[in-house]
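Remarks on the structure that follows.
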C-alpha cells in the first residue's frame, strides 16, 4: 500500500486536467477565440466523477453567463472603475446563490472580474464570446473526464478497507495496553482513533464516487460482488470504530477486575485483534469459547449491579459492564464480517464452477 502511494506521484485527475487544458487551447485557437476563460473553466470542471462533471458543468454555464452579463453591464455604465469590479462580483455572487447555482459561483465571479479590464467596447460581442469560451471549457473537460482515464475507485476502496482493518486492530491493541495498565488512554491513541475515522470517511466518499459513475461503465459480476463486499465491510467497520470510540471514553481507571476476569478479557481482545488483522476471514472455536466466558461475565456484572442500592451506585452500568458490552458488540460485528466474506467466497466458487 505504501509503495503505491510512493510511486503514484501524478494521479489520473492531474493528467486529465493537463489533457483538458491542452485540447481546450487547441479548440479555442481553431475557432480564433480567447483561451484564458475557456482554460479556467476546463480546469475547475474536472471533477472526481464523470457524473459530477456533467452536473456541475450544467450549473457553471448559466452561472458564467450571469457573471459575464453583470461584468459587461457595469463596464458599459461605469467604465473600468473599482466600483465596476465590486458590483460585478457582488451581484454575481448574490444571483448565483439565489438561483442555487452554488457550484458555479466561483467560476462566474472570476469570469466577471477578469472580463472587465480586457473589454473596451463591443460589449455584447464580448459577452457572446465568453459564452463560447465557457462552453468550450465545460464540454472539453466533461468529454475528457468521461472517456480518458475514467474514474475507477474499486481498487482504492479495497486498499482503504484493508488499511482500516489493520489500523483498527492497532488502535484496539493500544487500548488494551492502557486497560491492562489501568491507566487513561494516551493522547496518541486518541489521535490514531481520529485518523481512523478520517480514513473511514475517505473510503465512504470513494464508495459514493464509484456509485455515481457505476451506470456509465461495464462491470463483471465478480467486480460487482467485490464492490458490494467492501461496501458491507465498511458499514460494519464503521460500527466497530464507533464501539472502539466508546471503549476509549470508558473510565478504565475505575475498573475493578479479578485476575481471572482480566485474563479472559485480555485473551478475547487479543483474539479480536488477530481476527481484524486477518480481515475477518476466519474465526476459530477458541475465540467463541472466550466470548461465551465474556458473555457470562457481563451478565454477572449486570446482575450484581442490580442488587446495589441507589445511594451506593446510581448508574445502570458499571465501568466493567460498559467495557464488556462494547467488546461483545465488536464481536457481533466480526461475526457479520465473517459471514459476508464466506458468502462472497461461495458465490465466486459457484460462478467459477458454472463457467
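Backbone N, Cα and C atoms are what each Cβ position is placed from, and that goes for glycine too.
Marked as transmembrane segment by Swiss-Prot: 19-39 (among others).
Listed by sequence, the residues of this chain that lie at least six past the ends of the transmembrane segment (74-94) yet keep a Cβ under 8 A from its Cβ atoms are 63, 66-67, 105, 108-109, 112-113, 115-117, 119, 123. For 74-94 (among others), the entry in Swiss-Prot reads transmembrane segment.
According to Swiss-Prot, the transmembrane segment annotation covers 109-129 (among others), on the basis of sequence analysis.
Annotation comment: Swiss-Prot describes 131-151 (among others) as transmembrane segment, evidence class sequence analysis.
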For the transmembrane segment (131-151), sequence-distant contacts whose Cβ falls under 8 Å of one of its Cβ atoms, 6 or more beyond its ends: 12-13, 15-16, 19-20, 23-24, 27-28, 31, 33-43, 45-50, 53-54, 57, 60-61, 64-65, 68, 111, 209-210, 213, 216-217
Surrounding residues of the transmembrane segment (109-129) on its own chain - C-beta under 8 Å, 6+ positions past either end: 33-34, 36-37, 40, 64, 67-72, 74-76, 80, 84-85, 88-89, 92-93, 96
